[in-house]
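All remarks here apply to the structure that follows.
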Amino acid sequence: MARKAVSRKRKAPASPGAGSDAQGQQFGWDHTLHKRKRLPPVKRSLVYYLKNREVRLQNETSYSRVLHGYAAQQLPSLLKEREFHLGTLNKVFASQWLNHRQVVCGTKCNTLFVVDVQTSQITKIPILKDREPGGVTQQGCGIHAIELNPSRTLLATGGDNPNSLAIYRLPTLDPVCVGDDGHKDWIFSIAWISDTMAVSGSRDGSMGLWEVTDDVLTKSDARHNVSRVPVYAHITHKALKDIPKEDTNPDNCKVRALAFNSKNKELGAVSLDGYFHLWKAENTLSKLLSTKLPYCRENVCLAYGSEWSVYAVGSQAHVSFLDPRQPSYNVKSVCSRERGSGIRSVSFYEHIITVGTGQGSLLFYDIRAQRFLEERLSACYGSKPRLAGENLKLTTGKGWLNHDETWRNYFSDIDFFPNAVYTHCYDSSGTKLFVAGGPLPSGLHGNYAGLWS
């Protein structure tokens, strides 16, 4: 029996009017088209919207952090200096940015001033006196610390008496109050632990806790409204704690630097006897621990890196990194390669730690790579040739030096004195670095200030 041939040709689609089968096929074709064009259903849930926004913000934040980190890595090699002329002021010890164009500074000659980085204009700010200003004026100390509270509405610094704490209101710099009954020696460092509470560290080995209450602020406003002469309150300390004293050298237990960890409410303190102290700092000060530093000479600066949960301590030639959660023998230290001049200032910005030295150098340490940033090869005409692999180092300008009797008798045969970087600070954008200081020898009178951008 012969097999019936089967055609492999497809049948032509039926016309629209060909009956129910044709309608089914046509319906099937439309359904296929519909399936191809179908989009995900729109979720109108508030929870879904918030989660989607959170993911988007996380991506944007991650990208922003990468961008800021890259900028922090590349910026130091691009910075150029512009010096400011400060007249006859002596050694800038402290500085903070007030806004995008103003920096407030304190000097060894006890002068508080604001410099406009765009116009170079200098404006001096009246310093605040004790309620009983009959004490002997202390020479050679000055203003060692300036700190802004977290909301940037109050500024804390030293007073006319370097043992006292002075509080100003921002942005007007109107006086608010003076804490003048706490320390018996100079204030070396200040740290805000909240918007209204600050801690001062003194050369007498004590730490004072001060509170600027709403009552003090209200009365300050009322006084300013009725008087054109600056009037301010006088406050007393809320707590006064002595740091532990080493038996072998009790006279050198001077609180030199403070740094606050806002996440854990912990306050780090460095004393000149070579110890790091950690305190719980909320409504009072409670000691948590004390540990001997691996390099214990000239420990004069301290900074806290919140992202890395470590404190950076400067010494005569090293920067040491302390994590209070780790044993003391795990402390890592790096050498600045400028022995003898000392680390005078230190700060965190992103993953870069900026180090200011007594030789007028700025060094940049990458905490992720655990090494200093290095020079790039430069082929610019007329520039000093630099070897690849050398640490990137920026050097401060000439500044001003008073050729007084001390200079004539002891230093006149020396052609040039580097300006120690006693203070430096980045602006909010991280693209401008204010640097200031003066000659390292205590007997020399001079100053330096510059904007690196």
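Just so it is clear, glycine is given a Cβ too, placed from its N, Cα and C backbone atoms.
Noted in Swiss-Prot for the protein shown:
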- 1-12: compositional bias 'Basic residues' (COMPBIAS)
- Ser15: phosphoserine (MOD_RES)
- 1-38: region 'Required for nuclear location and interaction with MOV10' (REGION)
- 1-26: region 'Disordered' (REGION)
- 138-178: repeat 'WD 1' (REPEAT)
- 182-220: repeat 'WD 2' (REPEAT)
- 250-289: repeat 'WD 3' (REPEAT)
- 338-375: repeat 'WD 4' (REPEAT)
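For the repeat 'WD 2' (182-220), the DSSP-based tally of helix, strand and coil residues reads 7 helix, 18 strand, 14 coil. Confidence across the repeat 'WD 1' (138-178), taken as the mean pLDDT and rounded to a whole number, stands at 93. According to DSSP, the repeat 'WD 1' (138-178) comprises 0 helix, 18 strand, 23 coil. Mapped onto DSSP classes, the repeat 'WD 3' (250-289) shows 3 helix, 25 strand, 12 coil.
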